[in-house]
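The active site annotation in Swiss-Prot covers Glu35, Asp52 and is backed by sequence analysis. Under the heading disulfide bond, Swiss-Prot lists Cys6-Cys127, Cys30-Cys115, Cys64-Cys80, Cys76-Cys94. Swiss-Prot lists 1-129 with the feature domain 'C-type lysozyme', giving sequence analysis as the kind of evidence.
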Amino acid sequence: KVYERCELAAAMKRLGLDNYRGYSLGNWVCAANYESSFNTQATNRNTDGSTDYGILEINSRWWCDNGKTPRAKNACGIPCSVLLRSDITEAVKCAKRIVSDGDGMNAWVAWRNRCKGTDVSRWIRGCRL
């Protein structure tokens, strides 16, 4: 599923991401834009053999199990396939686990490079939330 910007903002808010660990909703919508273009089916192979999955491009080396990444940790305790569902509940649950890990949203390279330190409120502007 490819979410509309405001539709995604509303879903993320409903699932408790607004100000989760101090990150406003705009940060999450911005990250999703640059990670997946709001597409839950997005996948991306990395040079280390791991794959990133879903709307927030969550990585199989650390966070989910795809059955083929060597030495995978699966810290979210989920198969990576659930991160590709239209329903983003599991992706958000895992994202909360990731952002609580000490490095915050810096875990997402796209957030670090494109969202951090910018006016992320523009990502939710005009949305009825």
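Every residue gets a Cβ built from N, Cα and C, even glycine.
Since the structure is predicted, the reported quantities are computational estimates derived from the model, not experimental observations.
Feature map: Swiss-Prot annotations on the structure.
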residue: Cys6; record: disulfide bond; DSSP class: helix
residue: Cys30; record: disulfide bond; DSSP class: helix
residue: Glu35; record: active site; DSSP class: helix
residue: Asp52; record: active site; DSSP class: strand
residue: Cys64; record: disulfide bond; DSSP class: coil
residue: Cys76; record: disulfide bond; DSSP class: coil
residue: Cys94; record: disulfide bond; DSSP class: helix
residue: Cys115; record: disulfide bond; DSSP class: helix
residue: Cys127; record: disulfide bond; DSSP class: coil
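The Cα atom of Cys64 (disulfide bond) lies nearest to that of Cys94, taking the recorded positions Cys6, Cys30, Glu35, Cys94, Cys115 as the candidates. A Cα-Cα distance of 14 Å separates Asp52 (active site) from Cys76 (disulfide bond). It is 19 Å from the Cα atom of Cys76 (disulfide bond) to that of Glu35 (active site).
Summarising model confidence by region, the domain 'C-type lysozyme' (1-129) averages a pLDDT of 98. By the criterion of other Cβ atoms within 10 Å of the residue's own Cβ, the least surrounded of the disulfide-bonded residues Cys30, Cys76, Cys127 is Cys127. The two recorded residues, Cys6 (disulfide bond) and Cys30 (disulfide bond), have Cα atoms 12 Å apart.
Note: Cys115 (disulfide bond) has non-local neighbours Asn27, Cys30, Ala31, Tyr34, Met105, i.e. same-chain residues 6+ apart with C-beta under 8 A of its own C-beta.
Here the disulfide-bonded residues are Cys6, Cys64, Cys80, Cys94; the one with the fewest Cβ atoms within 10 Å of its Cβ is Cys6. Considering only the recorded positions Glu35, Cys80, Cys94, the residue whose Cα is spatially closest to the Cα of Cys127 (disulfide bond) is Glu35.
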